[in-house]
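To start, the structure itself, in structure tokens.
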Number of protein chains: 4
Amino acid sequence: MSYAPISEQLDDPETARESGRKKMDWAKEHMPILESLREGFVADQPFAGEVVGMAMHVEAKTAILAETLAEGGAEVAITGCNPLSTHDDVSAALDAHENVTSYARRGVDDEEYYEAIEAVIAHEPTITVDDGMDMVAAIHEDYPELIDTIVGGCEETTTGVHRLRAMDDDGELRYPVFAVNDTPMKRLFDNVHGTGESVLANLAMTTNLSFAGKTIVVAGYGDCGRGLAKKAAGQNAHVVVTEVEPRRALEAHMEGYEVLPMREAAAEADVIVTTTGNRDVVTEEHFEVMKDGVLLANAGHFDVEVNLDQLSDLATSVTDVRDGVREYQMADGRRLNVLAEGRLVNLAGPISLGHPVEVMDQSFGVQAVCVRELVEAGDEYEAGVHDVPDRLDIEVAEVKLEAEGVEIDDLSDAQAEYMGSWEHGT
Amino acid sequence: MSYAPISEQLDDPETARESGRKKMDWAKEHMPILESLREGFVADQPFAGEVVGMAMHVEAKTAILAETLAEGGAEVAITGCNPLSTHDDVSAALDAHENVTSYARRGVDDEEYYEAIEAVIAHEPTITVDDGMDMVAAIHEDYPELIDTIVGGCEETTTGVHRLRAMDDDGELRYPVFAVNDTPMKRLFDNVHGTGESVLANLAMTTNLSFAGKTIVVAGYGDCGRGLAKKAAGQNAHVVVTEVEPRRALEAHMEGYEVLPMREAAAEADVIVTTTGNRDVVTEEHFEVMKDGVLLANAGHFDVEVNLDQLSDLATSVTDVRDGVREYQMADGRRLNVLAEGRLVNLAGPISLGHPVEVMDQSFGVQAVCVRELVEAGDEYEAGVHDVPDRLDIEVAEVKLEAEGVEIDDLSDAQAEYMGSWEHGT
Amino acid sequence: MSYAPISEQLDDPETARESGRKKMDWAKEHMPILESLREGFVADQPFAGEVVGMAMHVEAKTAILAETLAEGGAEVAITGCNPLSTHDDVSAALDAHENVTSYARRGVDDEEYYEAIEAVIAHEPTITVDDGMDMVAAIHEDYPELIDTIVGGCEETTTGVHRLRAMDDDGELRYPVFAVNDTPMKRLFDNVHGTGESVLANLAMTTNLSFAGKTIVVAGYGDCGRGLAKKAAGQNAHVVVTEVEPRRALEAHMEGYEVLPMREAAAEADVIVTTTGNRDVVTEEHFEVMKDGVLLANAGHFDVEVNLDQLSDLATSVTDVRDGVREYQMADGRRLNVLAEGRLVNLAGPISLGHPVEVMDQSFGVQAVCVRELVEAGDEYEAGVHDVPDRLDIEVAEVKLEAEGVEIDDLSDAQAEYMGSWEHGT
Amino acid sequence: MSYAPISEQLDDPETARESGRKKMDWAKEHMPILESLREGFVADQPFAGEVVGMAMHVEAKTAILAETLAEGGAEVAITGCNPLSTHDDVSAALDAHENVTSYARRGVDDEEYYEAIEAVIAHEPTITVDDGMDMVAAIHEDYPELIDTIVGGCEETTTGVHRLRAMDDDGELRYPVFAVNDTPMKRLFDNVHGTGESVLANLAMTTNLSFAGKTIVVAGYGDCGRGLAKKAAGQNAHVVVTEVEPRRALEAHMEGYEVLPMREAAAEADVIVTTTGNRDVVTEEHFEVMKDGVLLANAGHFDVEVNLDQLSDLATSVTDVRDGVREYQMADGRRLNVLAEGRLVNLAGPISLGHPVEVMDQSFGVQAVCVRELVEAGDEYEAGVHDVPDRLDIEVAEVKLEAEGVEIDDLSDAQAEYMGSWEHGT
């Protein structure tokens, strides 16, 4: 194994471990779902004998998921899914766990990035947990011999699920993968609340600017986009939405937002945030009409939404005017500011901490029960993308409600009968 | 056929027709989707030879749907789906159309209600359009001989679709029915915006009370419930949600609402609105803890959500203190006020006009293209409940966006290729 | 006195009284502040020997104020302050009270309107309670001999206070008048919540249209305008604000609303509501650019905000297309719809009930304690407009909080000392 | 003068200056009001011969105000108004200006803090600009001989104005001071939007927690409190308000928030933020009932709102669990987390940048025109606290609207006449 775990790469791993452990302890305190599941896992050791290979944003919250799986008996090997989102100290603290090996390191180059993925694969995972599908893709492309022993996988993100479904449609996906991203428990909380809040907080703290009275263009009105739009309106921004899907566009319109093509939206924008999961959402024709001082940020998984190559070509100079803010000077005097190099602004910025702890607790709670389900189900799931069964999702919701002290009603038998019947009339 | 069309039942059908026509003209002006579809139907006569049997709320908006189908060549026979929601003048105006026969009359008793349904069935419909499944149920139970010639049906409402799916699960549904209610175009606009806004406006105008500072309990956090909760919060009410499904309960909690079991919610409520589609949501144990002066209203399809039998038994006297408000006097001095007799408060109240015109335009736009789809598809759809195909839903959204003057972006080929691919990486 | 009380004007005063009493009882139930004050007044008879002359919107809520003063020992004479806002049945029920004479009747012409005011003045009021300053103006202009025996007055509305201050600045106001409108207890609740909610509910129920996705132009960003803007946004309207005062315009802009000159706003509007208290806010140049089907409504005190004379001149025909909706047909085919003849849309519409009961309870609570203050204060207040003393306002707030069951903290002595001191440092 | 300017205190002032200048340039770009005023000042030199003594939060935005005054001809001497809010690099960059001397340094102890104030006073200011009244207090207490030559002062903050009014009531304030804090242009933007947004962003980025579904207790419903409450609700928090003033409490209640005494609120809180300007708002009796993991933060000027002495006494141990988060361990196992040592959480936290740039541009625009007014007015203003004249406030609003590209309507002569008249009737 040529690529070394983080502990062997750092000068002072001990100090890093302490710092990382502190971050993990804070996260752990605010992750009641994983804590509740961990208790059961420690007792039952459901993952004994399994190897979990993970490619995720390696920071405190993910570390708690990895640790939770490890304490359930799994051998865990983990690396990052984005070169800028790794916290080295957390990586080191995680690597210190006897059942975990972490290869994640911040700022690796492309070659190292893929070497780290291969280092994880060298552990011969029986289960994969991905955020963006890189692990699944690498195994299918380069290590197909491992597929026979793989029980299944879990995918965290919209983009990853999208790519997996495309792969499945092509008949190329050769083991079962749960679309964790698509469960209500993930989609409605992590995407809507987590992305919205953390993108805004990162923008505010990186720029020291406010949202009141600003025109914020939200590109894409999926779950992330609608969360961001709502939270931005909740900070008194004037929200403009762009979309390509007519029903979503209409939904945004009926919500009271202005809906415009990007060409018109770009000309009005004080801030543009992309959330589409697609490429070339903001391009040359839009750069041309933007106002001086506009802020450009991306909240989608990959850094392809704002076309930075075109922007660089247009710019007469490029300067880092502030930590996390790169200014592109246009020939006509306008200055366009790109945040976090066009990468996920709530993960890759200079003070970024990623999604809030509690929403990740929900997503990772689903991850944890899905990994358990894969192990328990034996051969039940065929190769392909699978929706998370409702009962797992409901289990996680119940754990969370209990942790929050929220009580709800039960359906009476008479009510359940009524809902299952079609014979009652007007 | 003993049951006569409305024109033969009214003393002065001419005056009624004029009044009804005026209401229909107003609605027509604000229904750009149906108007756009009507143009095509008039030209193409897609429904020539078909008989459309409808059981819906017969007021101005529904009348425009019926008229639109009639102008596309259909023979239309229609009656109400709720004894209190019919506007006799609209019914008369509709009945005046050469291709339409309307049997709907306000305030009919149970026997007349079903006679009117049978009168419609006597036209031997080849297509059914229901709001609550009464037409489908009556045909399956009493006129199974018609089923062979029926092309299919459309169902408008949550409750109806719910009952149809139960029927389908039992293997009892013998022709294809589109679940119009479940399309994004219906569910996200009609249920969310239509129900929310019209329930609040009816409550306000019936009681002359305000929402600011009031505690409003919303029973059920489905599409209707979440629309109502959001709109009530938008009028500065303090919103409390009750639910039986953990994920929905959690969603309401994460939205910032208080989530409580009904027993606790009832004790805090100034207003309770039921939106569950289930029975016995508000019962004796809740009546016992309510505050003096509480308002009880139902926004679900049937009048079974508030148990009025139990309430009557508990009351020492019952008085109509106001048009649309019935006061139940409790032995301990508290007064509980029930609106619109526990029926759909936005349809059955004294000044009720039902859902707003524009949201019905969207629902009915989907109805109209679904009827067209049934006719065009021949035998393509098997017996059972069918989701409305996305392309129909998108067609309606595009018509609406165009009518609103909203332009959106198109997906470029490169973008479409990107979204369909799984080979792009970090 | 030639002008007769309502009871002598109606054909069937007894039936009217019963209907009016029912409305008053409903209001009384929801006016805990007046109820609490009434108990004290009945016991103390503070108004014995006083004559209260009132010109207000005579409907159920105002009737409870009049009755409350009457039960405190006052002789009350009352008439309307708007020809269309009187409820004849309530007027009759009020007139039946032994201490009250009511001259208010719906639909009187200009001459009768002023005759009724003079009939009130013939009672030789010692205290005036106005909504729009008509009583004060009539006394100053035509019955100056009464001024010496007048203890003082109360004015309810923004427009009235505005006119009174102008009169005071001219040195023409010859007795003390409390600017009830300007107290936080009135301004922040009645104007903000009462106007906002009731205007929207009236619009919705008169037109059967929805607000979701509509562009609503709010002319004027005073208390009424900002309440309306907020509530409209809370129904998912897209809100555009017009203003003439830069700070208010900036405030609306920072709230996230679009701020435009009326010329541009009118071209985008689906609905325009005026709340400025000024004349000619919507005029010919705006009518010219409006969209087909636009709704025009006024929420200001007088019907001068939309220039209907100009609109009539432009129109090729004028039709009542719906109760409370008058359509002006333009030569180019566009139809402009005016609600409630440009009068206060929440008072003068066909199903209008005015402001919600609870917010009027707050305003009228302040009215009642101000009348008490005038009587108790003797000569303490000089001629001119007076702000309501904070202690009266706070008294009303405390009564309301208690009625709502809301407990709050007390300032400790140490805290009070700290707030009164300037010697504490960093 | 024993206390040295920052440049003489730093090891590497040159590097600090560069870093500070970069921060100032970013701020300058987003402060169009000061930029517009600066142009006039550079041309007119209104402050030639004046010495401006400032005690403010010395970071990038304040630096632009100081620089703007300096470029208008003033000699500026400045220090901090809070030991933790100074940015040394900005202080150094400011000190490099030929007309400015900056004594502000982060982390000074109490003795140094007051030495720095005295160092500023040694410049013999003719105008004072304060944030918290420390400069005014020091001059009145220790350097009364300077008062004769002082033209006047400006005070930025609620707390400072409050203390100045108390001083004025005691007859102790001996020169005129503008209550900049109280202008609509300051109060409605800086307090409402600036505090609200920056407190939430700081909380989010310091803790990595989210607001969705959290119960946030806002202590105090003044401008800061209501801004914070609204913005927190806009992030889907469940907001609870505590107040001591009945009208404000009622306003919060009518807005839809839960209003409770602190004792009950503390037991429900996930987060408590104090905004009262008073002491001992959160004390022992509240610590006793809080939930494990609660977050305590202060947004008021002084660190006296949460009683940390009592908390320390109750705690069995105190640990910094995270940058900016101090955990107090209770004997019963609960952990209470205090942010930023109970100081202004948006100024004193580890990544704090203070209020957003744009809102400070508005406040500081008013500051700048007030300083100009003091110079231009000669002896017009008597000793005491003065409201900022409306025309200055409006001037700033107009500059801002122009910078934002917002056009508004003008009052026509006929409208102005109408508004000034009291003779128009119904």
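Cβ atoms here come from the backbone N, Cα and C positions, even for glycine.
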Residue among B:E98, B:E156, B:E243 sharing the substrate site, where TrEMBL lists B:D131, B:K186, B:D190 as binders: B:E156
Counting every protein chain present, what is the number of Cβ atoms, excluding its own, within 10 Å of the Cβ of B:E156 (substrate binding site)? 31
Going along the chain, which residues six or more apart from B:G300 (NAD(+) binding site) have their CB under 8 A from its CB? B:T159, B:G220, B:C224, B:T274, B:T275, B:T276, B:G277, B:N278, B:L344
Chain A sits near which of the binding-site residues B:T157, B:K186, B:N191, B:G225, B:E243, B:G300, counting only a Cβ gap under 8 Å? B:E243
So how many of the residues in the region 'Disordered' (B:1-22) end up helix, strand or coil by DSSP? 14 helix, 0 strand, 8 coil
When you average the Cβ positions of B:D131, B:E156, B:K186, B:D190 for the substrate site, which other residues in that chain have a Cβ within 8 Å of that mean position? B:T157, B:V180, B:N181, B:N191, B:M360, B:S363, B:F364, B:Q367
Tell me whether B:N191 (NAD(+) binding site) sits in a helix, a strand or coil according to DSSP. helix
List nothing but the largest Cα to Cα distance in Å, as a whole number, among the residues B:D131, B:E156, B:K186, B:D190 that the record says bind substrate. 13
Give the helix, strand or coil assignment DSSP yields for B:K186 (substrate binding site). helix
B:N191 (NAD(+) binding site) versus B:E156 (substrate binding site) - Cα distance in angstrom: 11
What subset of the binding-site residues B:N191, B:G222, B:G225, B:E243, B:H355 lies within 10 angstroms of B:D131 (substrate binding site), using C-alpha positions? none
Report the nearest neighbour of B:D190 (substrate binding site) in space among the binding-site residues B:G222, B:G225, B:E243, B:H355, comparing Cα positions. B:H355
Between B:G222 (NAD(+) binding site) and B:K186 (substrate binding site), the C-alpha gap once rounded to whole angstrom: 14
Averaged across the domain 'S-adenosyl-L-homocysteine hydrolase NAD binding' (B:191-352), what pLDDT does the model get? Just tell me the whole number, please. 96
